[in-house]
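Data block below; observations after.
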Amino acid sequence: MAAPRVAVVGAGVIGLSTALCITETCPSCSVTILSEQFSPNTTSDVAAGMLIPHTYPGTPIHVQKQWFKETFTYLFAISNSPEASEAGIHLVSGWQVFKNTPKEELPFWSDVVLGFRPMSEAELQKFPQHRCGQAFTTLKCDCPPYLLWLEKRLKATGVQMYTRKVADLWELHREYHVVVNCAGIGAHQLVGDEKLFPVRGQVLKVHAPWVKNFIRDGDGLTYIYPGIHRVTLGGTREKENWSLTPDPGTTKDIFDRCCSFEPSLQGAQDIKVKVGLRPSRQCVRLQREVWSQGGVKLPVVHNYGHGAGGFSVHRGTAKEAAHLVGECIAALQGSSLKAKL
């Protein structure tokens, strides 16, 4: 069979990373990315890009840990390379604080991040409303630079990218041997996934270069994540809210909450408000299936539904999706060989 043609639908961090992993594991493939939006207009562009995992109730913990570890290892290597600045990846230290003692003493990812330890009494004096906390160093991706860096890597390997709205994956069966669905929240309509729902996130991106440490409330609602150029202040988690319009009342609430953690943010300049819809479900949909109509078959690989934790596991899930694409191609090559026999 000729070089297998693979279409990846979606150009957020999941789609771009999956396409890159396919080129690495199946170098004979011809890979094309089709998306209605590219950076800076994807949901991933709004994300803070912090590597602090979100737990998926429907996915075994050892699998989540493997995804996170692979992602952390991959980004850590980039952070240690001359490309770190262009890719927007850097180490950041800080604290996760709790008003009540968390159920689990050690989160499953505690031995993947660097220097994880309980906060000292002296550190906790900074957070008088909180009883305990964890200090550690993790990685942060500044999202637009990272997406552009991924695009550059993909173009260098010959991947084609087209702005195109795909209304039905089946429409691609004449052009491609395998279709990979990385449509994020778009999968709700694209494949009719009723288990997928938006969790609306509103954040502020501010200029406050003196803020160097991240601070995250244990409930995940309030956070301060310093990037290379801007600090991300958050946030909200509004289930089933499809609105992409910033809410001024929410902006004030986020700003006030973050200032209660870090009073110096009162002096923050150039406040930009961003809204994204996290594609959420009980577990990431990472599977392959074969669609058929009238005797024609189309192998489809799904990789979407990462919710608030996409950046933390993007490379791990992309590697797994690429492996599934490899299985699809092997099956196609096997069937074409049988046809010749």
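Placed from the backbone N, Cα and C atoms, the Cβ positions cover glycine too.
Copied over from TrEMBL, here are the features:
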BINDING   Thr43, Ser44, Val166  FAD binding site
BINDING   Tyr223, Arg278  D-dopa binding site
DOMAIN    5-324  domain 'FAD dependent oxidoreductase'
SIGNAL    1-19  signal peptide
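Neighbour counts of Cβ atoms within 10 Å were compared across the binding-site residues Thr43, Ser44; the minimum falls on Thr43. Here the CA atom of Arg278 (D-dopa binding site) lies 7 Å from the CA atom of Thr43 (FAD binding site). Among the residues the record lists as binding FAD, namely Thr43, Ser44, Val166, the two farthest apart have Cα atoms separated by 19 Å. Listed in sequence order, the residues of the same chain lying 6 or more apart from Arg278 (D-dopa binding site) and placing their CB within less than 8 Å of its CB are Thr43, Ile185, Pro198, Val199, Arg200, Gly201, Arg237, His306, Gly307, Ala308, Gly310.
Taking Cβ-Cβ distances under 8 Å and a sequence separation of 6 or more, the neighbours of Tyr223 (D-dopa binding site) in its chain are Ala48, Met50, Phe214, Ile215, Arg216, Asp217, Thr232, Leu233, Gly234, Gly235, Cys258. Sequence-distant neighbours of Val166 (FAD binding site) (same chain, 6+ residues apart, CB-CB distance under 8 A): Val9, Leu34, Glu36, Leu172, Ala183, Leu190.
Taken together, the residues of the domain 'FAD dependent oxidoreductase' (5-324) have an average pLDDT of 96.
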